[in-house]
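Asker: I grabbed these lines from TrEMBL:
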- 33: active site, proton acceptor (ACT_SITE)
- 78: active site, charge relay system (ACT_SITE)
- 122: active site, charge relay system (ACT_SITE)
- 14, 37, 39: Zn(2+) binding site (BINDING)
């Protein structure tokens with residue numbers, strides 16, 4: 001079993017706040033991130049599989065790139081996640097929630113069983129990794 005990773009970048013803004021909480025409670029929980037701000041994200045999409053004898057590849061990285069662009073980058077790049085993306089209308093766009101939403105979007109588009117791991121960097125110091133194992 002081999003693992004192959006495609007890296008992509010996108011920018012978007014968000015506010016970490018719960019609608020049912022007042023400003024004070026949101027600030028207590030989320031700090032400065034309860035205000036509108038943005039990030040330059042890096043997303044690593046890792047697929048798994050065996051080498052196809054005919055092509056010599058697990059999957060064509062161009063195919064992975066097209067799927068990532070279609071399902072994630074073209075949808076959220078330069079948006080406000082809270083107001084522009086229905087998946088985050090009633091969900092706080094934390095790293096945790098973002099990576100799980102992205103997993104759902106990609107798992108439906110990639111060949112069955114190939115999505116192995118997502119790594120989402122919010123900053124050079126903050127990242128999350130997600131697998132279903």
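Backbone N, Cα and C define each Cβ position, glycine as well.
Small disclaimer: the values here were computed from a predicted structure and weren't measured.
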Asker: Per 10 Å Cβ neighbour count, which of the binding-site residues 37, 39 ranks highest?
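Answerer: It comes out as 39.
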Asker: Near residue 33 (active site, proton acceptor), which residues of its chain come within a Cβ-Cβ distance under 8 Å, counting only those 6 or more away in sequence?
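Answerer: Spatial neighbours, sequence-distant, of residue 33 (active site, proton acceptor): 15, 16.
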Asker: Rank the recorded positions 14, 78 by the number of other Cβ atoms within 10 Å of each Cβ and report the first-ranked residue.
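Answerer: Buried the deepest by this measure is 14.
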